Amino acid sequence: MSKLLFLFLCLIIIAVSVSVGVVNGTETNVEIYELKRGDFSFKATNYGARVVSLVLPDKTGKPVDVVLGLDSVKAYLNDSKNFGSLSGRVANRIKGAQFTLNGVVYHLDKNSNGNNSIHGGFLGFNKVNWTVQEYVKDGPKPYIVFHYNSYDGEGGYPGNLSVTVTYALLQPYKLLLTMRAKALNKATPVSLTTHSYWNLGGHNSGNILSEELEIFASRYLPTDKQLIPTGEIAPVKGTPFDFLKFRQIGSRIAEINVTNGYDTYYIFDKYNPKKKNALFLAATVKNNKKTGIGMNVFSNAPGMQFYTANSVSNITGKGGYVYQPYCGYTFEGMGYPDAVNRPYFPSVIINPGEVYVQDMLYDLQVKKY
Ligand SMILES: *[C@@H]1O[C@H](CO)[C@@H](O)[C@H](O)[C@H]1NC(C)=O
Ligand SMILES: *[C@@H]1O[C@H](CO)[C@@H](O)[C@H](O)[C@H]1NC(C)=O
Ligand SMILES: *[C@@H]1O[C@H](CO)[C@@H](O)[C@H](O)[C@H]1NC(C)=O
Ligand SMILES: *[C@@H]1O[C@H](CO)[C@@H](O)[C@H](O)[C@H]1NC(C)=O
Ligand SMILES: *[C@@H]1O[C@H](CO)[C@@H](O)[C@H](O)[C@H]1NC(C)=O
Ligand SMILES: *[C@@H]1O[C@H](CO)[C@@H](O)[C@H](O)[C@H]1NC(C)=O
């Protein structure tokens, strides 16, 4: 075989392998990608742009993985508890799976309680395969960019939407998540979030009920039995929802009805609609007694869903560890749930050409004893 023919064949093989796995702009290969900076490392998968692990040294120097996750791509493909996932086009619940925008009624997938829509529908952003747009594995600022083209009518939503999600490791022990979406041809609601479950004692350390938490939110959204906001905006003060001062997550959890734990939208006091993109301190978890790891959560969203994994039960996770209720919690910065049906909630509508911006910064500290 001549050298030229050999080269030509190589090129064809490369071209074929690049195009394999991409059908109509939809990735069909699912992989796990690692970012590494010294003793700080992170894994994600392009299936649902999900966080798989976040490892840092505990107070004795031993590596500890502080997010819950599953052992294989196959397990993620069958997951129903949203481990590590990126939710959209609109995170959380939409009453009656419908809304009206510019005079048009849009009917969404009814994938929650038979009549409501949740997390973008049956095949939300948490269940589609994203493409990897950029990937810098190590060095001073490792990062990965996932991209997804959401099409007009997907889940019932209007217009094409181009979405990018970036995870970056900043030293020491900061994970930055940036979420961007551009409406390409029609106005559409957009409210993205991360559903990663945290446990600063280690993903396999049992429940989080004794973790001490502070949330800088003096108001929350009460909900009905299907977890749809009633429309009321209520003060947390004195209620079981009050985390204005550090207290153990479990100390009043038994008083929460219907959901058997927190599944609650908190309105951040420091959110300023005039400084939409500026990060502020939204919540703090005190240093875990066993690992010495604590966390400051920064956000630029109007509020967040705080969920204590109430319905996670008997799920075999990483290393064969079985996750049970309260094995972790989520800090899901996002727009107000059901904002599309509540004109007095801050709007989640993005107009053509406009860019949706939302970031979360997880700043972990290790206290050495
Ligand atoms: C994502 O990739 C997996 C694994 O290849 C495949 O089974 C699945 O059908 C893909 N999903 C979509 C929505 O294309
Ligand atoms: C898929 O998940 C369901 C629970 O949601 C579980 O019952 C089933 O065993 C899982 N299947 C596989 C192949 O893991
Ligand atoms: C479902 O939602 C629609 C729209 O909000 C409402 O008209 C209808 O009564 C609901 N049906 C049930 C069974 O809740
Ligand atoms: C919207 O997406 C469809 C494919 O889903 C494509 O044919 C069309 O050109 C896109 N339009 C714009 C304005 O991006
Ligand atoms: C839970 O229900 C009890 C009994 O109906 C009630 O007293 C309590 O206020 C409820 N708790 C919350 C947080 O709504
Ligand atoms: C979890 O597993 C235990 C032991 O096998 C069983 O008793 C329990 O009913 C299971 N719980 C659920 C919600 O499946």
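Residue numbering: from 1, along the chain as shown.
Yeah, the Cβs are placed from backbone N, Cα and C, and that goes for glycine too.
The feature active site, proton donor is assigned by TrEMBL to H195. Mapped onto three states, the DSSP output places H195 (active site, proton donor) in coil.
Secondary structure at E332 (active site, proton acceptor), as computed by DSSP, is strand. Around the Cβ of E332 (active site, proton acceptor), the same chain contributes S87, A91, N92, T193, T194, H195, M304, Q305, F306, Y307, each under 8 angstroms and 6 or more positions distant in sequence. Look at TrEMBL and you will find E332 tagged as active site, proton acceptor.
The beta-D-galactose binding site feature in TrEMBL is assigned to N92, R93, H195, S196, Y197, D263. Classification of R93 (beta-D-galactose binding site) by DSSP places it within a strand.
Among the features that TrEMBL reports, signal peptide is placed at 1-25.
Its Cβ taken as reference, Y197 (beta-D-galactose binding site) is surrounded by 26 other Cβ atoms within 10 Å in the chains shown. Sequence-distant contacts (6 or more apart, same chain, Cβ under 8 Å) of D263 (beta-D-galactose binding site) comprise L227, Q305, F306, Y307, T308, N310.
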